[in-house]
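Working notes, structure below.
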Amino acid sequence: SCPYSCYCLHEAAKYEKKVMVLDFVTPTPLGNSWGLGGTCVNVGCIPKKLMHQAALLGQALEDSRKFGWQFTEEVKHNWMTMTESVQNYIGSLNWGYRVALREKKVTYENAYGEFVGPHTVKATNKRGVEKLYTAERFLIATGERPRYLGIPGDKEYCISSDDLFSLPYCPGKTLVVGASYVALECAGFLAGLGLDVTVMVRSILLRGFDQDIANKIGEYMEGHGINFIREFVPIKVEQIEEGTPGRLKVIAKSTKGNQIIEGEYNTVLLAIGRDSCTRKIGLDKVGVQINEKTGKIPVNDEEQTNVPYIYAVGDILQDKLELTPVAIQAGRLLVQRLYAGATSKCDYVNVPTTVFTPLEYGACGYSEETAVEKFGEENIEVYHSHFWPLEWTVPSRDNNKCYAKIICNIQDNERVIGFHVLGPNAGEVTQGFAAAIKCGMTKEQLDSTIGIHPVCAEVCV
Amino acid sequence: TCEQAEANEYDLLVIGGGSGGLACAKEAAQFGRKVAVLDYVEPSPQGTKWGLGGTCVNVGCIPKKLMHQAALLGSALKDAQHYGWNIAQPVHHTWSLMAQAVQNYVKSLNWGHRVQLQDKKVKYFNMKGSFSDPYTIRGLTKAGKETVVTAENIVIATGGRPKYPTHIAGALEYGITSDDLFWLKKSPGKTLVVGASYVSLECAGFLTGIGLDTTVMMRSIPLRGFDQQMASLVTEHMESYGTKFLKRCFPTKVEKLESNRLQVTWKNTDLGTEETDSFDTVMWAVGRAPDTEALNLEAVGVKTNSETGKIVVDASEATSVPHIYAIGDITEGRPELTPTAIAAGKLLAQRLFGQSSELMDYDNVPTTVFTPLEYGCVGLSEEMADLGALQFHLIQLHALSLNVLRKDLYVMYCFQVVCLREREQRILGLHFIGPNAGEVIQGFALGIKCGATYPQLMKTIGIHPTCAEEITKLHITKRSGLDATVTGC
């Protein structure tokens, strides 16, 4: 799991181009920062999956008793032990990237880059020392950072995912604000570690994802002890008591009327969205157009901005997916086109993804709603099934919660246009189906494929 | 209750209530046909028997996967401490708790199958069947009561049973097989598993995982028929996991000691020496034999393969006798897998009663070996591609980065793709060693059915972070000689 920039740079350096990378992390409002590697490695996919795994292991502990394992009744989780382990691993990745860049003779500067004129950037390091660099071509891959609410107390007292994974104390009773996958994944693992968790949702869960599945995910989380406060938004956060963690008072207003509620929490985690880091890097100085409203950069299908020698990849792209593997693929292919005479473009269609909520969700292709919208309800066929993983039978838990759904286009030979699975190891299950969708699989081919027994994935064939 | 000995006319009679038999019977009943199933379990030499459902449900896939899960949970307990869970030592495993839970679940499945047959109006006879003539079966209950049943079509789906190496003194009296292992009430203790099949390795794997002193004795290569490079990765991992291996050894006798332990004597073919050791349990996993003895096939002329004893069938599952068919483990040249038996059974019923002409496709059937480090595969192995004289690429990735928070554990996983060299580069085989191998391989099996090519695979974006996504990073061919090891990113 190398960051996309790494891949790009390895590729470019392979073709003996002189390459430099500028990486800089502006500290969070609470002063948090991290090393080379970007969001995925430091404050995204990697620590998220490891903490999700910690929560899954908590469940495994309980299951194991039913499978004959015996140990003390009381098992507690130690946040510091986990966080230290996770941070050590991330540190080793940061180090690994620095070594890799060195080996590939890519110049690395830990400095904040911004355009100051055509073909010229100014790099400012954390001590304020400025240097100017020129290049034939530029690649912008600055990604995003969590958004704040813009209410009193948000930056002073709330944390974001940028702070959570290195928090030097257990967050305690936590309010997660938001309904994104970031919000639900974090709420999910915090609860799995034994914490009292509440999620405050303005409207719907997992906007943009299949809503039928999103609701099942929410139901599962509620069934497992996570509180949901629906249709409210925080309007003020106050500190009752300082501490690690302290005590905070959150005042929230209903989106449907004038009702005001109050709640007390140790930690408030904001997960309401992310903003592109494109507003303060001097794009106006070189004429790169951005979407003024969203801050995202529109590019053509070769990742080129409106300025021919400036390219962009990753989370900052307009109308593209905010995913590590997409960024990696786009970056790698871009460099191959620029320096190796290749012509392949990044295929942004049917990109699979997985939400690592307590009940995992893997998806590829259309959601049911978007399929209905695009093709018409009468032209699609939805095949679905609940299932009970064999491993959950002995501990007698969560019967009929797992679910798989396939959406087919009747007018195109019942081609599979949407794949959805809700269950354990959803990512592992979905990957192969994504490859099959890329090959244009039809329902008939799905039916004629033999299942592997006994695994969850066989329910899909 | 006593059943009236009456001759019934059925459209379909299925002998054997296992994966294939039940699927065929239930499918036929959907077409409104009169269907009956005969199921009977001859007790094992140790006296073990079980209910309706066949090998998979009672002494195969289901209890195997559950006990494998118990072992994996043992590993999870060790992992958990690195993820911050404080578990006071010692942690230990109690066989009887696990066995009872597994056995109870299996019994619920037996019950579920009986209810299903009833719901679908399929008549169930708990009787051992044998042929009197091509349309007549003589059924015998445990008590010796006889019932004669006649049917227009008969499907033989009696499966197989573990072989005993009866030429070894003491093998039959003192050894157990997989038929007994899952029903043991008490822990098997220090166990010797003889064999190199997936049955042997899977059982040895979970026995090790739950903390038992386990040894595997193999005469020659592990997992014959599977990709040998993958097979050795599987056994290497088992060794590092704690399973002992006696390689290139074969047992010569088994004796009972005064302590009730078993003394096994074996020949070490490498050193030319004879060695002994004592064990609480000796389990034979040296292959399975088709269960045809009691059927009286000679009376109707159903042809079997002279070497294997399995029933010879054509592409439509027909035997040498009209109106008599066979499916599942009992058939020659077919994979011994539950899902293929089920699919074959359903398709057969559809052809017999549903105006379908679709034949079973036995190509590219995916499978998974549930050893401690799981191995899933679909399509050709390196050896099979070689035999086919195909010009192929073998592309591999070994990643050492599995359990990143545990420095004491050196677990690797591996992806291997075999694809044609010519322009299109169609994928011939896919192999994965790692956790959740079955979950990983299933979707790719579908891709292969769609004629997936290597370029299509490379165009697929990975899901991050998973093990399966590593397949999108497969670039190094074996032909290139480059090191395919990735030291984890």
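Cβ coordinates are placed from backbone N, Cα and C, and glycine is handled just like the others.
What TrEMBL says about this protein:
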DOMAIN    A:7-331  domain 'FAD/NAD(P)-binding'
DISULFID  A:C40-A:C45  disulfide bond
BINDING   A:K49, A:G113, A:D315  FAD binding site
BINDING   A:G178, A:A179, A:S180, A:Y181, A:V182, A:A183, A:L184, A:E185, A:G273  NAD(+) binding site
DOMAIN    A:351-459  domain 'Pyridine nucleotide-disulphide oxidoreductase dimerisation'
ACT_SITE  A:H453  active site, proton acceptor
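Feature map: annotations from TrEMBL on the structure.
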residue : record                       : DSSP class
A:C40   : disulfide bond               : helix
A:C45   : disulfide bond               : helix
A:G178  : NAD(+) binding site          : coil
A:L184  : NAD(+) binding site          : helix
A:G273  : NAD(+) binding site          : coil
A:D315  : FAD binding site             : helix
A:H453  : active site, proton acceptor : coil
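Residue counts for the domain 'Pyridine nucleotide-disulphide oxidoreductase dimerisation' (A:351-459) under DSSP, split into helix (H, G, I), strand (E, B) and coil, are 40 helix, 33 strand, 36 coil. Residues listed for NAD(+), A:G178, A:A179, A:S180, A:Y181, A:V182, A:A183, A:L184, A:E185, A:G273, cover a largest CA to CA span of 14 Å. Summary of the NAD(+) site environment: with the site residues A:G178, A:A179, A:S180, A:Y181, A:V182, A:A183, A:L184, A:E185, A:G273 set aside, the chain residues having Cβ atoms within 8 Å of the Cβ mean position are A:V176, A:C186, A:L206, A:A271, A:I272. Nearest in space to A:G113 (FAD binding site), taking C-alpha to C-alpha distance over the recorded positions A:C40, A:G178, A:L184, is A:C40. Proximity to chain B, taken as a Cβ less than 8 Å from one of its Cβ atoms, holds for A:C45 among the recorded positions A:C45, A:G113, A:G178, A:S180, A:V182, A:L184.
Per the record's binding annotation for FAD, residues A:K49, A:G113, A:D315 show a top Cα-Cα distance of 30 Å. For the pair A:S180 (NAD(+) binding site) and A:K49 (FAD binding site), the C-alpha distance works out to 16 angstrom. Taking a C-beta cut-off of under 8 Å and a sequence gap of six or more, A:V182 (NAD(+) binding site) has these contacts in its own chain: A:P146, A:S161, A:A271. Cβ environment of A:K49 (FAD binding site): A:F356 lie under 8 Å away, each six or more residues apart in the same chain. Rounded to a whole value, the Cα-Cα separation of A:D315 (FAD binding site) and A:C40 (disulfide bond) is 11 Å.
Annotated pair A:C40 (disulfide bond) and A:L184 (NAD(+) binding site), C-alpha to C-alpha distance, rounded: 17 Å. A:S180 (NAD(+) binding site) counts 21 other C-beta atoms within 10 Å of its own C-beta, drawing on all protein chains shown. The most densely surrounded of the binding-site residues A:G113, A:G178, A:G273, judged by C-beta neighbours within 10 angstroms, is A:G178.
Counting Cβ atoms from all protein chains shown, A:L184 (NAD(+) binding site) has 27 others lying within 10 Å of its own Cβ. When the disulfide-bonded residues A:C40, A:C45 are scored by other C-beta atoms within 10 Å, A:C40 scores highest. Ranking the recorded positions A:G178, A:L184, A:H453 by Cα distance from A:C45 (disulfide bond) puts A:L184 first. The secondary structure of A:G113 (FAD binding site), as reduced to three states from DSSP, is extended strand.
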